[in-house]
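Written below as structure tokens is the structure these notes are about.
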Amino acid sequence: MNVNQSAPPVPPFGRPQPVYPGYHQSNNYGGQPGSTVPPTPYSTYNGPVPGYQQTPPGVSRAPPPSGAPPGSTTQAPCGQAAYGQFDQGDVQNGPSSTVQMQRFPGSQTFGSAPVAPVVSQPAVLQPYGPPPTSAQVTAQLAGMQISGAVAPAPPSSGLGYGPPTSMASASGSFLNSGLYGSYPQGQASPLSQAQGHPGTQPAQRSAPPQASSLIPPTPGGPRMPSMTGPLLPGQGFGGPPVNQPNHVSSPPQTLLPGNQMNRPPGPPPSMHSSPQPGYQLQQNGSFGPAQGPQPNYGSSYPGAPNFGSQPGPPQPLPPKRLDPDAIPSPIQVIEDDRNNRGSEPFVTGVRGQVPPLVTTNFLVKDQGNASPRYIRCTSYNIPCTSDMAKQAQVPLAAVIKPLARLPPEEASLYVVDHGESGPLRCNRCKAYMCPFMQFIEGGRRFQCCFCSCVNDVPPQYFQHLDHTGKRVDAYDRPELSLGSYEFLATVDYCKNNKFPSPPAFIFMIDVSYNAIRSGLVKLLCEELKSLLDFLPRDGGAEESAIRVGFVTYNKVLHFYNVKSSLAQPQMMVVSDVADMFVPLLDGFLVNVNESRAVITSLLDQIPEMFVDTRETETVFAPVIQAGMEALKAAECAGKLFLFHTSLPIAEAPGKLKNRDDRKLINTDKEKTLFQPQTGAYQTLAKECVAQGCCVDLFLFPNQYVDVATLSVVPQLTGGSVYKYACFQVENDQERFLSDLRRDVQKVIGFDAVMRVRTSTGIRAVDFFGAFYMSNTTDVELAGLDGEKTVTVEFKHDDRLNEENGALLQCALLYTSCAGQRRLRIHNLSLNCCTQLADLYRNCETDTLINYMAKFAYRGVLNSPLKTVRDTLIAQCAQILACYRKNCASPSSAGQLILPECMKLLPVYLNCVLKSDVLQPGAEVTTDDRAYVRQLVTSMDVAETNVFFYPRLLPLTKSPIENATEPPAVRASEERLCNGDIYLLENGLNLFLWVGASVQQGVVQSLFCVSSFSQITSGLNVLPVLDNPLSKKVRGLIDNLRAQRSRYMKLIVVKQEDKLEMLFKHFLVEDKSLNGGASYVDFLCHMHKEIRQLLS
Ligand SMILES: [Zn+2]
């Protein structure tokens, strides 16, 4: 395996990168890309302006002291103890303190016979069991007094709201709920059928002028008091349904009884009409002129021209169910945002601007506020008072990705060096100099924008003000004109007042029976030989400063001396795992280039040494302890890469037992499945954080390994967990190696502390992510990479005012890959409002969902899952009810009115509610749930967006020549056409679904077989064929993978094949087999909740 063939790195911005920067990557964060000359505004930085310079070529300070050279750290004071210990251990720890490499005795047997790996499972994912009954949803709906009887009409989105025979009879209760059924396989897509029902009227025309309603007012329409069914987008109480055309012609459409649409009088506008005047949003321009309040709901109605106006014949049995096309479509919202906001750069100069959606590709120009790549907020307009905030229940939160990578088109951050005096800060609140600080008294003082304290300007920083009160050098200084920048930290910002040494990477490899047998150890060692050449560097550096070390283990640990002067590596065994120490310092952590021959020899020998092992038991905590002690002895921060296969049952600290118990699901004790089974790992994690020791864990389990406990240390140290169930080299090597390469190479900061300061009136009160906190304000991160986010929640502690707005400043102190201590500053200014409508007009639903998912996923540790789900639903209902009550124009109580910016809140929230963590299917393992739970904890907004609402792309609809990604369709079975092929991805999983009626030519072109029946279900790789379709599909798959931070393994699923159940789990608009509501159902339920709050 040549690393140079590795998958492209993830372009963090949802945009395929044309070129794989690969190992020559300029680390966009931290360092400056060596060759990139920052664009214009700061070209003057190269000039004589004293005090800071443009890095990297000109880092004025010498590279930080690189500390002791590799291997020389034995003089370290804190290493002494351990070393001394080793001197004794040399004797007591027996087998050999120094041995030449040799085959590990295969004869050691430890009782238990080797466990054969389970190989029968297809992949990480498993087919789901038989569908449970639909009782839950039925009951839910029955309780909603949905008017109308159920008729055995073909249900569409898995729901069979029956068509009442007439409006009059529709006032009855919900009947015959047993007639639910799934949409028949093979039936034509509902989309292909006429759906010109008035109920499908695009809401843009009917929205009331507050620009946010989905519901048209129903002027003059007869009210049906008995109809309590929810009204949905574009629906209002209307005339007798018998007068509505097209009911019969659209059997699959769902329309809630009683929700007949009444278009406002007048001729039906065209489907794509532009928004009516008066509907324009007033959102600081952030929505762009083109975006109407209700864009294009109706765009998919073939029957549109007819609609409403055509006096169709009286329809005897009009099906009155909620039309899926009439409810807000994620696809449409995403498309509209792309069209409206994808072409212009997002300029950050204006306070409180809502950025484009995460699904839109856009460039950012920093003009004083941090890019949305670094910070996104749930709302960009904060209520002035806590009372208002409480009323709205809209969480005020920011999702911060401090080290986010930038696309190549955007300049990386400037590094400002204030010399020995260090960064300029407010004396009182310690906020860092930023564009919002107010210079006064001719420039001699500045007033802090966070705490109002007036500070003296140091003489060397003095500058005159212009007539507007602005410093004349404002645009020459990043810290006075940009939202994001870095400061070089002085020694005051370093541990023990000493500049840090370059970090180290320690590879710790499980060599027990399972690891050897699966081929993992051989594969890994082979890969490392070349991968070590691509350790992360600060921008411009020729060689990585990172040192490496190696440990193997089963129930004992083997350390390796790979000192460059040795002819062969030496192994030292530590069997006293209860009292872990590092048996060697000199020669353990080495420079790759200096010790290359010895390292290569070691990596060649490791698989051979253990090839006959019978050892099945492993330890886990002592391994982390050993790595952490080694870093401590070397006085550096670093990262441990653990490759681990099994539940650590060997006698040692952190020993675990199998406590997986599926009977706990849906009980009050379910939460224990997510809790670690011992506190030992928290204690260990705390020590790791103190040392700046980040832990990345690669798991290769064949059975339960207790991810909830094993992931504690990675989680609290800012590390990552990867899981490859039933790992087999032939099936999984591409995925594992791709993840490993990316993980080893990614730029990372160490020993970091993040602090979020706010202007008076609000403060950060809660934090979500992979980190540790020893007090209430400082987020401590042993390691932090460009993918990890921290979600921060804010609460009021005083009144805000509209004039001043609200400010956030996120300061991250960290050690770069080269050992340089830096401060990264992100500033963001937000508006404040006295009108709730302003809050609702400036929200970002994707960010809200990120926050709500993290909140809920943390909640499962302490509360029954039902409580967690109910809390989410109640909060969502409260948010929407508050809007309805305070912001929407008066209208029928039966109407569901959603704020424009939150119209996807119900569909996305439903996806969170029915996710595997909150509502598991029968086949989702406890480990999978714990795994996903911790993954979501540090996801950014783009990742949670696609994770909860997967992307479904039809492949043969668009012309083959068209190289761009095809437009997505909604994640519902009824959108699937059996003559087409689809890709579905959610950032972790990737499916290729093949319809049963796909043209034979397509089958041949993609799979190189002559018929559908010959396609191998569960296939993981498409054959490489030289034809346009094959190239296009494989190219698309590569692109999707490149956009995500983890490699997505492909699974080919055939229509009506067993594996299809697995695939359908991701069709999140449909009812799920484990009882999760369909989108339509959930929207009805949400409406009911809102009505209760309003009544
Ligand atoms: Zn201050």
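For all residues, glycine too, the Cβ spot is worked out from N, Cα and C.
Per TrEMBL, compositional bias 'Pro residues' is recorded for 8-19.
Per TrEMBL, the feature compositional bias 'Polar residues' maps to 24-35 (among others).
The compositional bias 'Polar residues' annotation in TrEMBL covers 90-111 (among others).
According to TrEMBL, the compositional bias 'Polar residues' annotation covers 166-176 (among others).
Among the features that TrEMBL reports, compositional bias 'Polar residues' is placed at 184-195 (among others).
Here TrEMBL flags 201-215 (among others) as compositional bias 'Polar residues'.
Annotated compositional bias 'Polar residues' per TrEMBL: 244-253 (among others), in sequence order.
Positions annotated as domain 'Zinc finger Sec23/Sec24-type' by TrEMBL: 423-461. Non-local neighbours of the domain 'Zinc finger Sec23/Sec24-type' (423-461) in the same chain are 50-51, 368, 416, 469-471, 474, 479-483, 487, 489, 757-760, 807, 809, 811, 823, 825, 827, 829; each lies 6+ residues outside the stretch with a CB under 8 Å from one of its CB atoms.
Among the features that TrEMBL reports, domain 'Sec23/Sec24 trunk' is placed at 500-744. On the 0 to 100 pLDDT scale, the domain 'Sec23/Sec24 trunk' (500-744) averages 95 in this prediction.
Sequence annotations record features per position, and here TrEMBL assigns domain 'Sec23/Sec24 beta-sandwich' to 749-832. Shown for the domain 'Sec23/Sec24 beta-sandwich' (749-832): DSSP residue counts in helix, strand and coil, namely 0 helix, 55 strand, 29 coil.
Annotation comment: TrEMBL describes 845-944 as domain 'Sec23/Sec24 helical'.
According to TrEMBL, the domain 'Gelsolin-like' annotation covers 963-1036.
The feature region 'Disordered' is assigned by TrEMBL to 1-114 (among others).
Positions annotated as region 'Disordered' by TrEMBL: 148-328 (among others).
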Margin query: Please list the DSSP helix, strand and coil residue counts for the domain 'Zinc finger Sec23/Sec24-type' (423-461).
Written below: 6 helix, 11 strand, 22 coil
Checklist line | the domain 'Gelsolin-like' (963-1036) - residue tally per DSSP class, helix then strand then coil | finding: 23 helix, 12 strand, 39 coil
